[in-house]
Amino acid sequence: MMSKLGVLLTICLLLFPLTAVPLDGDQPADQPAERKQNEQHPLFDQKRGCCRWPCPSRCGMARCCSS
């Protein structure tokens, strides 16, 4: 019984490794990718470093421009 459980656990870990789990959004490894996505967004103003109005949630971590 225990050997069957061990084999099943091994197969599951091979099929679904723990590194395949996505990182949380606040992890430093994720932030450069989000900044790059912000800069590619059509409403992102690169000179001011913020999103123009209307500031969509898809603009990511960038702040909304005040005016």
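Every residue gets a Cβ built from N, Cα and C, even glycine.
Note: Swiss-Prot links Cys64 through a disulfide bond to Cys51 (candidates: Cys12, Cys51). Here the Cα atom of Cys65 (disulfide bond) is found 5 Å from that of Cys50 (disulfide bond). With all protein chains in the displayed structure included, the most crowded Cβ environment within 10 Å among the disulfide-bonded residues Cys50, Cys51 is that of Cys51.
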